[in-house]
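Let me begin by presenting the structure, written as structure tokens, before commenting on it.
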Amino acid sequence: MELKGKKITVHDMTLRDGMHPKRHLMTLEQMKSVAQGLDAAGVPLIEVTHGDGLGGASVNYGFPAHSDEEYLSTVIPLMKQAKVSALLLPGIGTVDHLQMAHELGVTTIRVATHCTEADVSEQHITAARKLGMDTVGFLMMAHMNSAEGLVKQAKLMEGYGANCVYVTDSAGYLLPDQVKERIAAVRAALKPETELGFHGHHNLAMGVANSIAAVEAGANRIDAAAAGLGAGAGNTPMEVLVAVCERMGIETGVDVWKIQDVAEDLVVPLMDFPIRVDRDALTLGYAGVYGSFLLFAKRAEKKYGIPARDLLVELGRRGMVGGQEDMIEDTALTMARARGIKVAA
């Protein structure tokens, strides 16, 4: 397919998905610095919230350094051209959170559900559309549903009022042909005016290849993060994606040099550890496990003596999905007992 001249919208995840490896502890200064760099580089849409979306601050998901209100009210007034989005997971975020984000100047809301549970998004998508927001349905863990199944779920979200639907590879499990199959099927089923997006992770180092495959199959919104800062082995690295798009003639509107500088000079120094395809992140992609489980599994390894890799494989076998973080500890405890490892009461 000829992609030269095709325009796409790149959507930055550094300040939302990037909160996972930061344990949601990014400072306001760090947020400001990165957001202003992204804005100056020409990134049109920047997501800002707790890693698990609006209202994510909790014992289950982790308490952030600042509230969603503080992060959003700090970043939004500084933006010269970029718009700011927020993620919302029904059951974590509420319509009140949605209203708060709208009042602070968030223009895009992304309502995220597991890829078989679009029906739980109706209230939030409907509310966002009534507020006149750019309203996105976000189908997570898309490898756990067939192309036909994703079509049904995407059409539900479109019917509730979503003007864009995302196929989301939360585990970094999909390969380019699987991305193409899913994106092409959803594209064919949605109204022509409904936009289609893809969100990739780099656990099998396929983030960029999968994103290009998605564009080839009809996606026009693509998620990425500067230096890949995100759950697991990170998101699709923005600076690499932009460079590849430039080579292919795909128009992103992002400056290829400035985004490299944001990644290298602003984001890499923020990292508490290198975001790379290490043994455990690779296991996420191989076993199809939700990306933000990685740090929980590493913590459980220290506590219970079960290698994170073994735990992640078991979580994949059990079909655990986003929102079941509390089950990671339970699974580790069960495995430790089965292996005769003594665990302190």
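Any Cβ shown, glycine's included, is placed from N, Cα and C.
Source: prediction; values computed, not measured.
When Y290, Y304 are compared with the substrate site residues R16, D17, S170, H199 in Swiss-Prot, the one appearing in that site is Y290. The residues near the substrate site, meaning same-chain residues not in R16, D17, S170, H199, Y290 whose C-beta sits within 8 angstroms of the mean position of the site's C-beta atoms, are M13, H20, M140, T168, H201, D223, G230, A231, N235, G291, S292, in sequence order.
Across the fold, the C-alpha of H201 (Mn(2+) binding site) and the C-alpha of S170 (substrate binding site) stand 6 Å from each other. Excluding D17, H199, H201 themselves, the residues of that chain whose CB lies within 8 A of the CB mean position for the Mn(2+) site are, in sequence, M13, T168, D169, S170, G172, G200, D223, A225, G230, A231, N235, T236, G291. Every protein chain shown contributes to the tally, and the Cβ of H201 (Mn(2+) binding site) ends up with 32 other Cβ atoms within 10 Å.
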